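S.K.: Straight out of Swiss-Prot:
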- ARG67, SER68, GLY69, ASN80, LEU84, ILE85, ASP86, MET94: substrate binding site (BINDING)
Amino acid sequence: MKLDLKILDARMRDYLPKYATTGSAGLDLRACLDAPVTLKPGDTALVPTGLAIHLADPGYAALILPRSGLGHKHGIVLGNLVGLIDSDYQGELMISTWNRGQTEFALNPFERLAQLVIVPVVQARFNLVDDFAQSERGAGGFGSTGRG
């Protein structure tokens, strides 16, 4: 798939999103910062990437996801848990960053902060019904299938 990428900050030419390995599903996104940003425990920040994308095809969307190492080792996760980029969005990719850890974290300029994953999208059309055809599960939820 081809993806239109617009560089909004010239410094990002040296830090284009890329897959870390041939098996990577996510493209690394970096913090486009002039200076380090310190996040105290509980702090949030909206971090620019200096990049914009345009998927154009309504059959695709992009997800901004946290990097597992930052979350596990430092408590740095996405403030909105997952960022959804619609196919028609053309603005700058911003990363809602939250320090849910117990210590301060310094985010450095151009540090890898999140990952971008392209996913297929199916847009549903609703069919209004009075009731559903019976299924094995029915309306059971919240532990109805058992534990373990």
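Each Cβ is built from the backbone N, Cα and C atoms, and glycine gets one as well.
It should be emphasised that the depicted structure is a prediction, and the values quoted were computed from it without experimental measurement.
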S.K.: Just to verify: the residue among SER68, ASN80 with the fewest other Cβ atoms within 10 Å, which of the binding-site residues is it?
M.R.: SER68
S.K.: Within a 10 Å radius of its Cβ, which of these binding-site residues (LEU84, ILE85, MET94) has the fewest neighbouring Cβ atoms?
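M.R.: Minimum Cβ neighbour count within 10 Å, taken over the binding-site residues LEU84, ILE85, MET94, occurs at LEU84.
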S.K.: Output, ordered by sequence, the same-chain residues six or more apart from ARG67 (substrate binding site) with a CB under 8 Å from its CB, or 'none'.
M.R.: ASP28, ARG112, LEU113, ALA114, GLN115
S.K.: Could you list the residues of the same chain, at least six apart in sequence, whose Cβ is under 8 A from the Cβ of ASP86 (substrate binding site)?
M.R.: LEU55, ALA61
S.K.: Measure the Cβ-based neighbour count of GLY69 (substrate binding site), defined as the other Cβ atoms within 10 Å of its Cβ.
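M.R.: Within a 10 Å radius of the Cβ of GLY69 (substrate binding site) lie 10 other Cβ atoms.
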S.K.: What span in Å does the substrate site cover, taken as the longest CA to CA distance among ARG67, SER68, GLY69, ASN80, LEU84, ILE85, ASP86, MET94?
M.R.: 26
